[in-house]
Amino acid sequence: MRVPWGLAVAQYADTVRPEFYFNSYPNKREVIAAVRRMKPMEGSVLYTGSALDFARDNLFTSSAGYRAAEGVPKLLVLITGGKSLDEISQPAQELKRNSIMSFAVGSKAADQAELEEIAFDSSLVFIPTEFRAAPLQGLLPGLLAPLRTLSGTSEVHANRRDIIFLLDGSFNVGKANFPYVRDFVMNVVNNLDVGSDNIRVGLVQFSDTPVTEFSLNTYQTKSDLLAHLRQLQLKGGSGLNTGSALSYVHANHFTEAGGSRIREHVPQLLLLLTAGRSEDAYLPAANALARAGVLTFCVGANQANRAELEQIAFNPSLVYLMDDFSSLPALPQQLIQPLTTYVSGGVEEVPLAQPESKRDILFLFDGSANLVGQFPAVRDFLYKVIDELDVKPEGTRVAVAQYSDDVRVESRFDEHQNKPEILNLVKRMKIKTGKTLNLGYALDYARRYIFVKSAGSRIEDGVLQFLVLLVAGRSSDRLDTPALNLKQSGVVTFILQAKNADPTELELMVPSPVFILAAESLPKIGDLQPQIVNLLKSVQNGAPAPVSGEKDVVFLIDGSEGVRSGFPLLKEFVQRVVESLDVGPDRVRVAVVQYSDRTRPEFYLNSYMDQQSVVSAIRRLTILGGPTPNTGAALDFVLRNILISSAGSRIAEGVPQLLIVLTADRSGDDVRGPSVVLKRGGAVPIGIGIGNADITEMQTISFIPDFAVAIPTFRQLGTIQQVVSDRVIQLSREELSRLQPVLLPPTSPGVGSKKDVVFLIDGSQNASPEFQYIRTLIERLVDYLDVGFDTTRVAVIQFSEDPRVEFLLNAHSSKDEVQNAVRRLRPKGGRQINIGSALEYVSRNIFKRPLGSRIEEGVPQFLVLISSGKSDDEVDDSAAELKQFGVAPFTIARDADQEQLVKISLSPEYVFSVNTFRELPSLEQKLLTPITTLTSEQIQQILASTRYPSPGIESDAADIIFLIDSSDSVKPDDIAYIRDFVIKIVRRLNIGPNKVRIGAVQFSNEVFPVFYLKTHKSQASVINALRQLRHRGGSPLNTGKALEFVARNLFVKSAGSRIEDGVPQHLVLFLGGKSQDDTSRFSQVISSSGIVSLGVGNRNIDRAELQTITNNPRLVFTVREFRELPNIEDRVMHAFGPSGVTPAPPGVDTPSPSRPEKKKADVVFLLDGSINFRRDSFQEVLRFVSEIVDTLYEGGDSIQVGLVQYNSDPTDEFFLKDFSTKQQIIDAINKVVYKGGRHANTKVGIEHLRLNHFVPEAGSRLDQRVPQIAFVITGGKSVEDAQEASLALTQKGVKVFAVGVKNIDSEEVGKIASNSATAFRVGNVQELSELSEQVLETLHDAMHETLCPGVTDISKVCNLDVILGFDGSRDQNVFVTQKGLESKMDAILNRISQMQRISCSGSQMPTVRVSVVANTPSGPVEAFDFAEYQPELFEKFRNMRNQHPYVLTADTLKVYQNKFRQSSADNVKVVIHFTDGVDGNLADLQKASEELRQEGVQALILVGLERVANLEQLMQLEFGRGFLYNRPLRLNLLDLDYELAEQLDNIAEKACCGVPCKCSGQRGDRGPIGSIGPKGIPGEDGYRGYPGDEGGPGERGPPGVNGTQGFQGCPGQRGIKGSRGFPGEKGELGEIGLDGLDGEDGDKGLPGSSGEKGNPGRRGDKGPKGVKGERGDVGFRGDPGDSGRDSQQRGPKGETGDIGPMVRHPSRWLTLVKTILTPPPSSFVSKGNKGGPGQPGSAGEQGARGAQVSNPTPTPTTPAQGVAACLVMFPGCLVACL
């Protein structure tokens, strides 16, 4: 049987080579075999136009097998890899004229415009990401669908899935648009294989509330389902609660009761169609659906919000937005494919370090001016050190303090006893500052007030007391006595020495010089982290852990040229290891050997017999030099010449012989043989590989592979020093007797048996810079494994906020396929690391049989988790669930929580921590061993024997929910008072995961959860969340509904409640009015559940109702107004007492030593007293000022305050000299009377301060260098510009703070303030209280003159010269391939040329000159020279499109370097280069980049163009970028112009003002869309359109003049018999016949009731074929037939074609079909003579009457109308219509 498709294949380049024709092969198998035998032509050029002509003239012919007589459609699929070098327009038009329908598939190098011209329609153009198997296979569904439809072989989508349609039935849609929605659903359903065992469909409408139309199990057939849909009517409703609708379908439809087959793992899909924004919270419901495995698709129309839909959808790619409802009918074709294809699874470790026991550690850091500008690096170092300690009340306790002239305690031992709390405090630490360094005073303070029981120290219990002291300068006071007293009290001191610290001074404080760690510089203090952590963990009683036992230790050091730069660090490492050993003739002996291509012993085992002599010899070492390290020969040398008795070795006495090999490159000779001989000879080698060293070599050399260590650079040697020292110490004779050396190399490829291995890898932004090392690890592990469909299967899943499947366990069946897929991995991006949800996803979706897992067959299941940090969500439950399935997880993490990893891992043995992913090669063998050896039974045994204790609940634990009335009965101001009151309560509670947990809910007529009990784990995060509370509004007040909500959703385990663990539960209810629903029922439920309710209300509440809710009158607290809430704070706190909630630890009540200096400042407040503030709002401003003064002014401080009120002119309320005490000042503030006035002139007010307040006569101490501060609070824009007045005040030495409230924008406030750090803005006066802490911190810094270190108030000129350069691919024009380049370049040039003023430029704006330059292989091309940008210059940039290619090589950077030599030396020089990848050698580019920097260029910034490769690697070339320096910039960034402007601003601040930090806020939200611009000028003429469809016959013209009779022609050939004519018209009525006989009367029927008029029905489905009718009467004679045609014989009748899918909107395909069916124009076919009339046809048999249809179709009157009608009823049934 002939295949329905005729297939021909040809290859082309400069010529065309047919591979086979349509008639070459009779079946699919032979065609595929022929394709596989094809070889590439390898032509030099590409002539696509001539190839199209060849296909038209030589392939679509009868001789080539084309079936023209059968009317087979002509389809051409062009696959091209580049742009044609000949003309394609004419060949493409000829294809269309010949009814050949073309599809075009092109690579990235092809010209899309060219492909669209060739293809019959733009929808038939396909461009894969690359010409590889996977991307091309991804095109197949989209390519095959039209191919099959046009050829009559369309397929029916038949698979199993459950689909719920959730339709917006609100007035957002409306009755006019709902028919479009209904038709859309019907069209989708028509394309589905509906049935109880195939696809089930349910439908829900929603507005305010959801309503089920039908469930998944309601209809079993498509016809019944469509019948219901035809009757579907709009539900109606004004609200749109999408969140509750999502929850409704989750609870009622994706369940077995709702007809779902979710338990059978049938894919669950939800299609949401909405026309507006949700009015309720939708995220929790959307997340719950995603967690349940439901794939949510979103279709939006009208006012739907894309961001909202992307959050609801399972994946943002599943969101479809329509401009209007009329576009909906076109959507099903896009949806069908994803809807029908997408689917939603006892070993004891040798300890390497002493276990960390109880200890109290005080970090006392230099906070003086020595650290200004470098404090962030020190703070990060402190954070990382504490993060590695076991911080908990019964483990390690931590205290933190800073010192300079005095001591500032940040946290005592009893204040922040859990790691998250202390880390959060450290993260927010600010530098103390101070000019003098009183180290002696600080030591004495620490001994007397911190290392004491009252501050939480356990010194009296014998717990180790450690002091970690950072010193960055010489002490100003004596420290010998304080240091001695501290030692005698038992405190062990460790010192971090930096900058100008005096080593002689420092040695007075430590028990041994080993305890002093010197930092190369403060920014590099992080290098000391591993050493200090190891010391803190291992030191016992003031000395390193004791070392015992005899050992001979030989260091074999690579001394080749590749080590030269790192040789000092190599020596330091060896020295540190030796210092940790107990060197002596009868204990540890040491030798050192250096090698390269030759070997040189430095000293032998018997050369030095004490530690100091060995260390001195190491310090004298010089590098050997030499080209290549021959490690094999060096190993042989050591065995023959060092490990012998004459060289001091005690090998004959059985003393352990340890050899530490340090190398930085692959060996130049074989290491296997010598290493085997060495190990058999009794040596114990430890291989340490650095940089380019081969980890496999290190494992081969090492005694056992686990001894091998790999690090990326010499700087990381410090991180492994303690590990190596510990290993040397622990390898005693006894220990070595239990170990057997591994004499063969590590496991080679081919390790077999069945395994399923899933890699779950972090693809977040945090992991992106080192993602390549993750990819390499997977690739190498796969190389070792025996990968195959019946052996080891591999899958990879990426995660960040959510998981993404890269490939499944059953996706690839060979090692090559897996490795190719791994090499294509790219980081997915994302800010969060949600390990918990990723684990849940893989346990429920990946480790399942349908997706390739063989878990049910007992095949071992392994999960390798690789994470770049601590999880942002909870992991406990998902980790436990994963292990319950029998999966063995291994965890690898960088900077992660060790406790968290242990919870996830199979056992603690399989937790691997690294400092950087560059260390991953060292873990290969550690991962391979368990993967290749563990059986399912062993995994189950380990899981059964490992128990993970649940986190302990502390005695003061409690769960507290604040339920806050936010209805119309509570004013917005009242919400601010309630918020501040709740924050004060929270500050007094001991917040923590195992202590007090807090939740918050707002309510009115609806309930709005703010956060749950499990959401926040620290006091700071709870307070930050509470600060976001805003008035919601709404009525009526439904308190009963709110009580029901918290009972069902907050006081439950899933929300974080510990009610089942017996932890006290509290509800604190704030009410502002009487409830309008019943509160008694759920009040009783809450009370009976053991939840204690407290009620707080104002005068408008029903006290009896509140007593009913609390069930205890003593727990009801009322105030007249909510502003009076502080009056009941103590009573509310006391009400918590009986349930076990304890307040936060009180402060230590101990006298502190007198501080050398108190705060000094002169502060004058300038308050807007105009109508910008109403009278009541002005009182809030005064309250804010009082609060600032009250908090700022501490006992003993010397602070003076003045106050001026202003409107159009100023009024002095009091001067600096008027009051001398805090209370007098606050009383004076409270007496200020609101002034009023129509206008506010801030300029006049500021000038008044300068002339009348900051002068000695008013009490100013400016001449005494006391900090001068002006504090302006304004509620609107000034009638005169105040910028110059502010600048004049600033130049006088006054710091100007500005707070804008309400009707003033941030830019205006910024003009008033001295700099961006002293500018603040809030939306209303109630938000002023939120500013208090931020303002106080900034004021404190201003008083200590640390505000934005380096900022000067002197106005400076700052000019920038900016080069914008770019490159593009060599084979294409960058202006064509990078379509966004021109538009983005215009925006960037405009944005960067309008820089705002910087902190030292005063009122002057920086001048920015730009030049656009690029480099070609033949030399540089310049659009324009340095100039201030004008729009007309852009045209010069566009002219560069005529020259290409543009390249990025070392010469490109040299072009920029030469260009800058033309500009002023004082100008700031910046290069911004747009790149699609390096064209030259990367090493040369790095060298050129460094030369550019040395030449004085301040910054080189790279921006990645579309499809740029290895952008992260290219970032190595960058320098000078400030903030976010590690984030790549790309052309497709939404706000790229703003990003670059911020970068330039930062560079200008640094270069012109010397400001290392930029005190700028976060960028605000993107503004609303602007108004529509003016109509543009008419565009250029478009390209000529395609030829239109052939027109129909025109009207018959009038008869022409009779011509003269011609000669008689030859007789023509007889024409073909014409087809049967149409029936004639009905004849006249015949004569009336005789009347017939009357029949018998029938029985009288019952009268029927008249029915209502029915809705017009839709066209019914095609009915079954009727039975053959009886022979009909003879028909009337037909009309004459159409003219026949020459040379055409009528063919046999064709077979009936298959039925195609129903298409809702057939016009598009009608066009295509019409093109195929339309005969060629008359100009191509000669017309024959008119044939004679046809013979009358024989009479047909009488047909049976057809079944009646609900919506009858008019009888077609012409053949074209018949075809059209057929197509409308049965789209795709082309053959049936013909």
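A Cβ is built for glycine as well, from the same backbone N, Cα and C atoms used for every other residue.
What TrEMBL lists as compositional bias 'Low complexity' is 1568-1577.
Summarising the annotation, TrEMBL assigns compositional bias 'Gly residues' to 1588-1597.
Look at TrEMBL and you will find 1658-1696 tagged as compositional bias 'Basic and acidic residues'.
Residues or ranges marked as domain 'VWFA' in TrEMBL: 7-143 (among others). For the domain 'VWFA' (7-143), the number of residues in each DSSP class (helix H, G, I; strand E, B; coil) is 57 helix, 25 strand, 55 coil.
For 162-339 (among others), the entry in TrEMBL reads domain 'VWFA'.
In the predicted model, residues of the domain 'VWFA' (360-532) average a pLDDT of 88. Residues or ranges marked as domain 'VWFA' in TrEMBL: 360-532 (among others).
The domain 'VWFA' annotation in TrEMBL covers 552-728 (among others).
Taken from TrEMBL, the feature domain 'VWFA' covers 756-927 (among others).
Marked as domain 'VWFA' by TrEMBL: 959-1132 (among others).
Here TrEMBL flags 1162-1335 (among others) as domain 'VWFA'.
Sequence annotations record features per position, and here TrEMBL assigns domain 'VWFA' to 1361-1547 (among others).
Positions annotated as region 'Disordered' by TrEMBL: 1137-1157 (among others).
If you look up TrEMBL, you'll see 1564-1705 (among others) marked as region 'Disordered'.
Residues or ranges marked as region 'Disordered' in TrEMBL: 1720-1759 (among others).
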Candidates 552-728, 756-927, 1162-1335; stretch with most C-beta pairs under 8 Å toward the domain 'VWFA' (7-143): 756-927
Do we see three or more Cβ pairs under 8 Å linking the domain 'VWFA' (360-532) and the domain 'VWFA' (162-339), pairs being at least 6 apart in sequence? no
If you count CB pairs under 8 A between the domain 'VWFA' (162-339) and each of 552-728, 756-927, 959-1132, 1162-1335, 1361-1547, the winner is 756-927
Is the domain 'VWFA' (1162-1335) in contact with the domain 'VWFA' (756-927), using three or more Cβ pairs under 8 angstroms as the rule and ignoring pairs under 6 apart in sequence? no
